[in-house]
Amino acid sequence: MKKQEKQENSINYDDIGPELVIETHDPKLGFKGVLVIDNTKRGMGKGGIRMSLSADSVEVSRLARAMTYKNALANLPFGGAKSGITIDGKNLTKENKKKIVQSFAKAIKPFVPHKYIAAPDINMGENEMKWFVEATGEWESITGKPADFCSVEKSPTNAVKKGKKRCGLPHELGSTGYGVALSAIVAAEFIGKEIKDMRVSIAGYGNVGTFAHKFLQEKGAKIIAVSDSSGTIFNRDGIDYEDLIKVKTKTGSVNNYKDATKLTSNVIYTLTTDILIPAAGSDVINKENIKKIKAEIIIQGANIPMADEEEKYLHDRKTIIVPDIIANAGGVISSYAEYVGMNEKQMFNLVEKKIIPNVKEILKTSRAKKITPRKAALQIARKRILGK
């Protein structure tokens, strides 16, 4: 029998889940939190903690379902889950943020790690992962921890030998962005093109966007536009990764990059480009801008960057779309690598091994069955989850 808490009607309950929805509140620190464990048939629920004002029970439940599918498609022994801290995480002091993270960690401690294993997400990086472990006292309660944060296994499992030293594999190594870059390369090959000199626009310049930029530039792609919350920068001759990351790190804004035209943030979705990578925020491609989208390929670096209706519209227009549950699975693949004690090189090899064939399979199935790539992916995922 699936355990459920009373929730808003807008949370969708179906034959997959969610199994459990828990809401928390810390009036002293002034935040609410939510944990959604969507499905644990394949293993413990796995998914990141998002710190954002939009991270309510409805958004988190959608993201938890995406994780259920993502883990099944990557063929990992995890179910799907997600959690959210509903507060603006951008302007908190380090001291206050630590208190909030640890308060939330203690609130959901009864569910980790046997029901839920957390990970980084928006405004939650490797340091926050360490704080989480310090609060729960469970090294396995979260992945994406700092590389120098290690533990020696005392209670062996099927995956980990006794006495094995395991260290964090922070998402700051770029596993998600690497998977996004690989997805772009495979999608380009699918339509008979090489990634070299293809024009790429990256909407969102956090962890995913920066590493997608780095890895695609290394393969010869030309990154012509990048955006963050401060605006969009555009240069038809290309924007250099090393130069831009220095500016972003120093000033906190891509808008301070000098060798580019400055535009508003939302313009990036409608620029003439070969590949568009939405890498921050949900529902950024919507009814207001969808008819202006010019990209031939869209790689979903962010979770749920558009609704199914918009995806179908673009697919019918012959736009190649690699959905989030395939394209940005590098992060959860990295989480599994950390969980079983792999090193950095082994982790990147595993991301390649999982992402490349998955992208090829869903694009090939999409074309053969005349369905969207997401629908092709979901058919595979549901069969692995439900056995039908």
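Backbone N, Cα and C atoms are what each Cβ position is placed from, and that goes for glycine too.
What TrEMBL says about a protein is an automatic prediction, not a curated fact.
Feature annotation from TrEMBL assigns substrate binding site to LYS46, LYS70, SER335. A simple way to gauge crowding: the CB of LYS70 (substrate binding site) has 28 other CB atoms within 10 angstroms, across all the protein chains here.
For LYS82 (active site, proton donor), the same-chain residues lying six or more positions away in sequence with a CB closer than 8 A to its CB are LEU35, VAL36, ASP38, GLY47, GLY48, ILE49, ARG50, VAL60, SER61, LEU63, ALA64, ALA66, MET67, ASP121. Sequence annotations record features per position, and here TrEMBL assigns active site, proton donor to LYS82.
What TrEMBL lists as site 'Important for catalysis' is ASP121. All protein chains shown were included, and the count of other CB atoms within 10 Å of the CB of ASP121 (site 'Important for catalysis') stands at 25.
If you look up TrEMBL, you'll see THR176, ASN207 marked as NAD(+) binding site. Cβ neighbours of THR176 (NAD(+) binding site) (same chain, under 8 Å, six or more residues apart in sequence): ASN207, VAL208, PHE211, GLY301, ASN328, GLY330, GLY331, SER334. A helical conformation is recorded for THR176 (NAD(+) binding site) in the three-state DSSP classification.
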Around the substrate site (LYS46, LYS70, SER335), what further same-chain residues have their C-beta within 8 angstroms of the site's C-beta centre?
GLY47, MET67, ASN71, ALA74, LEU76, PHE78, GLY80, ALA119, ALA329, GLY331, VAL332, ILE333, TYR336
Output, ordered by sequence, the same-chain residues six or more apart from SER335 (substrate binding site) with a CB under 8 Å from its CB, or 'none'.
LYS46, ILE117, ALA119, THR143, GLY144, LEU169
When a 10 Å sphere is centred on the Cβ of LYS46 (substrate binding site), how many other Cβ atoms does it contain?
30
Just to be sure I understand the packing, how many Cβ atoms besides its own are within 10 Å of the Cβ of ASN207 (NAD(+) binding site)?
24
